[in-house]
Each structure stands twice: as structure tokens, then as C-alpha cells.
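Have a look at the structure below, then the notes.
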Amino acid sequence: MWRKVLFAASALLFAFFVLLTSVFRTAAVKYEFANVEDGNTLQNILGDSNIEINYTLAYPGKILPDSSLWPVKALRDKLWLAATSNPGRKAELKLLFADKRLGSANILFKNSKPEIAYTALTKAEKYLEEASTQEKFNRAQGIDTSDFLRRLSLAALKHFEVINEIASIAPEDARPGIDSLQVYARKVFEDSRNALLEKGMTPPENPFNWQ
């Protein structure tokens, strides 16, 4: 009796996993780029190519968006976020997910998987924007976000820097979309910088030419 119940439960769990994987893959926006190697490295038109922001991105982990297990990991992140009631922790998680997806996108571009990489990069910048939105909400509720604002401003500059690097190795037809995603990092930096200035604090220096 119990063996049958256990077998049925295992079968249902496996079926749910397969269904979940299918749903995530079907719902994901797909991009197609010509994977053409370009010997001429794209210059960072918005800044010096030797710029390096003093901010360390979180390790993206071994399961990347090209893995069959990625839908499970993505669902875990969504559930983790939904289960987090502390608004400060929620902002930190959104920034963490932004950083991890940026790292994943960078690896996938280097591994010549531009379509999956571009999707990951898009989600990274949207999570960065969500982290900024959460910070604004927290600040409006009277929560001290000073330390987080410092991290967020540095993270935004790091995102801008890494996207510059990605653009230099990405297929040529992917570059306009990649460049357009820098708008997120730029806006997040400007908003966090202004918030720090309003608090009488010194924001990180912006080394790029769009300041």
C-alpha cells in the first residue's frame, strides 16, 4: 500500500518537474543572433576600457540558464523572494539575483551562447531596477537605506562596466540590444547617487563619460 502511494507521489513530483521545466522554457523570450566572431574588439564608447569598478559580483553558481535545472533554480529564487517579509532583505535579494544573472550572462556570452545569455542579461538588469525600486519604497517608509545605497550605486557602475565588456565579445547584431540595457544601470546609479547626496553622503565616483 505505502509503496504504491510513494510510487504515485514520486511519479507526480517528476511529472510536475517536467511540466514546470516546459512552462519556463516556453514562457521565456527567445532571441536569435548570428554567432559571428569579430576580431575587432568593440571600444567602450561610454568610458575607458581600462576602468574597473571596486565591486565584486556574487558567484552565479554552477547551474546557469542553459541548464535543464535552471527553471527549478529560477522558481526557487521567486519563492525565496515571495517568502521574504523584511523589506531590507528583499532589496538585498533583488540585488543578489541581479548580480548573479549578470555573471551568468557574462559566462554564457563567453561560451558562445548569445541567445540564452541575452535573456539572462535582460533579467539581470530588471532585477537591478527592482532593487532600486525596493530601496525607494523602503526609504519612503523611514528605513535607513544608507549602506544599501552605497552598495547599489557601486553595483550599478559594475553592471555598466560588465555590459561594456560583454558588448565587446557579443555577436554584432546583439550589440544594439546589449547597449540599450545599460540604461537600467545608468538610471539606478543616478537615482542612488542623488539619494546619497540628499543624505549629505559622498557617492562613488562615476568614471564613465555619461555623468
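The backbone N, Cα and C atoms fix where each Cβ goes, glycine too.
Record features (TrEMBL):
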DOMAIN    62-172  domain 'DUF5667'
SIGNAL    1-27  signal peptide
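Looking at the domain 'DUF5667' (62-172) alone, the prediction's average pLDDT is 97. Under DSSP, the residues of the domain 'DUF5667' (62-172) split into helix, strand and coil as follows: 90 helix, 0 strand, 21 coil.
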